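Under the heading ATP binding site, Swiss-Prot lists G13, G15, K16, T17, T18, R109, citing sequence analysis as support. Swiss-Prot lists 33-56 with the feature region 'NMPbind'. According to Swiss-Prot, the feature region 'LID' maps to 108-118, an assignment based on sequence analysis.
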Amino acid sequence: MKLPNILLTGTPGVGKTTLGKELASRSGLKYVNVGDLAREGQLYDGYDEEYGCPILDEDRVVDELEHQMQEGGVIVDYHGCDFFPERWFHIVFVLRTDNGVLYKRLETRGYNEKKLQDNIQCEIFQVLYEEAIASYKEEIVHQLPSNEPEQLEDNINQISKWIEQWVKDHNP
């Protein structure tokens, strides 16, 4: 049976991981958090002193994911999307969060002030939505609100319906 590949993207703190894990457990699709994948495989290309975090080796991440993406049925969670091959994804969801809510979430994570401000700016200017629109066909890119628990449930239901329909349409 053919299964779709889904990309969940958005600024850090918008709820990609919470949504992705819950969606995977309900749909049976495989969940891949690119940050965890990079950590486990040491898929890094240096260290960013300013942000206090490792720099992702994008080519190695793509190589690492290629086989499972070809098989299908994968939910990928990452705060960027411009380096993934366009052919990988059947749909892209950009999660959006109000600045006040996002600020509190990132503060709770212990982000330094520069990292906090840059991520809030990223959300204000819709940087990741613009990146998604530039990287994929516009008709497969959708924005979802992610401010409160009720919206999480709505998003799971909406994406689950989409998965069911995609499976029906692609498995005669």
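Note that Cβ sites are derived from N, Cα and C of the backbone, with glycine treated the same way.
Across the region 'LID' (108-118), mean pLDDT in this model comes to 94.
In three-state terms derived from DSSP, K16 (ATP binding site) belongs to a helical segment.
Listed in sequence order, L152 are the same-chain residues at least 6 apart in sequence whose CB falls under 8 Å from the CB of T18 (ATP binding site). Fewest other C-beta atoms within 10 Å: among the binding-site residues K16, R109, that description fits R109. The 10 Å shell around the Cβ of G13 (ATP binding site) contains 25 further Cβ atoms across the protein chains shown. One way to see the shell of the ATP site is to take the Cβ centroid of G13, G15, K16, T17, T18, R109; the remaining same-chain residues with a Cβ within 8 Å of it are P12, V14, L19, R105.
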